[in-house]
Each structure stands twice: as C-alpha cells, then as structure tokens.
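Read the structure below first, then the notes.
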C-alpha cells in the first residue's frame, strides 16, 4: 500500500505516520526528515537546503524526487510506504506516479488532514518552543503555510478525481485522528 498523508505544516502528519510505522510496519518517507538530515550534514546540498528552508521556500522537485527515489529503492521490500510531506506540487505528484508505475505500483490512498490556521499556529509555536526547529519560527511558518495553499492545495481535486482522497478532521486528539485514519485504511483495503 502506498499512502500519502497530506495537509498543511503542523497538521500532525509526522505524528500519524510514526504511529502507522509502529502498528503496520510501513516505511515512512518524510521529505521533511530527509531534508533536515541533508541540512544537518553540512554538505553543499545541505547548505542549499538550509538556505531554502530558512526562507520558508520549497526545495526543488529535482532534489526531493531524487531523495524519494533513493528511499524507494533502498526499502523495496516494505509492505507499504507512507509519503509524508510529498508530493507538494503537481510536478512532484506526476513524478511520484512515474516512480511508482516503474515499480508496478500506484498511490492507493491520500489522507488529507484538515486543521484550521489558528490551530496550526498554536501547534507550530509550541513545537518551536519545545524542539527549536528552525522552520517553525512564526515568520518562516507563515511563508510555509502560504506555499502550502499556493502549491500543494491544488493536489486535492486531482486526487479526488482519482477516487483515492479521504478527508479527515485533524483537530481532534491524536487518538481520534488515528481512529479516522484506521477507518479510511480499512475502507480502502
């Protein structure tokens, strides 16, 4: 199964992905984690990624797709993949389709986590205070949210037309959101 967890920054995608990894053995492909690791490496690529992330921009499709392709190859025997933070653009969605088709696979389910902007800001402020993530400062978060609405939200109708989109209320407790995701997974199986 190939599952996309979709929603704005701080919607809880990473939290839910980690739970699915533990409970179902899926492999989480978090572009955010991959990009933060590249950033921390201090490599030339990492420095380019850091500059883009610090400005609240989106890393180029070329870089992100290369990271995803590498992980699909390394983890080829996995029972399923959770794409967390990817795709973010129509171009990335098309590239993901091509990558999966070349492996005789496809996107099986897209779960869109809906959280209002006020709650997102509360969550990201708390996360910034607790974890100090550079991309969670208020100014950067505001730019990330704008980019989400401009670049990523247009994916909703595309996946809805394919019949693979399920929208859930991401404002409940972690357990309540988990229950909604589990129900969506059962329906799509």
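Residue numbers in this text run from 1 along the chain shown.
Using N, Cα and C of the backbone, Cβ positions are placed for all residues, glycine too.
The model shown is predicted, which means the values in this text are computed figures rather than measured ones.
Residue 10 (ATP binding site) has a Cβ environment of 24 other Cβ atoms inside 10 Å. DSSP assigns residue 10 (ATP binding site) to coil in the three-state reduction, placing it in neither a helix nor a strand. Residues annotated as ATP binding site in Swiss-Prot: 10, 11, 12, 13, 14, 15, 127, 172.
In sequence order, 4, 29, 31, 64, 68, 92, 96 are the residues of the chain that are 6 or more apart from residue 86 (AMP binding site) and have a CB within less than 8 Å of its CB. DSSP assigns residue 86 (AMP binding site) to coil in the three-state reduction, outside any helix or strand. Summarising the annotation, Swiss-Prot assigns AMP binding site to 31, 36, 57, 58, 59, 85, 86, 87, 88, 92, 133, 144.
What Swiss-Prot lists as region 'NMP' is 30-59. Outside the region 'NMP' (30-59) by six or more residues, the chain places 14, 17, 67-68, 71, 84-86, 88-89, 133-135, 139-144, 146-147, 151 with a CB less than 8 A from a CB of the stretch.
Here Swiss-Prot flags 126-136 as region 'LID'. The average pLDDT computed over the region 'LID' (126-136) stands at 72.
Residue 14 (ATP binding site) has 88 as its nearest neighbour among the binding-site residues 57, 59, 88, going by CA to CA distance. In sequence order, 143, 147 are the residues of the chain that are 6 or more apart from residue 57 (AMP binding site) and have a CB within less than 8 Å of its CB.
Cβ contacts within 10 Å of residue 14 (ATP binding site), excluding its own Cβ and spanning all protein chains shown: 17.
Under DSSP, the residues of the region 'NMP' (30-59) split into helix, strand and coil as follows: 22 helix, 1 strand, 7 coil.
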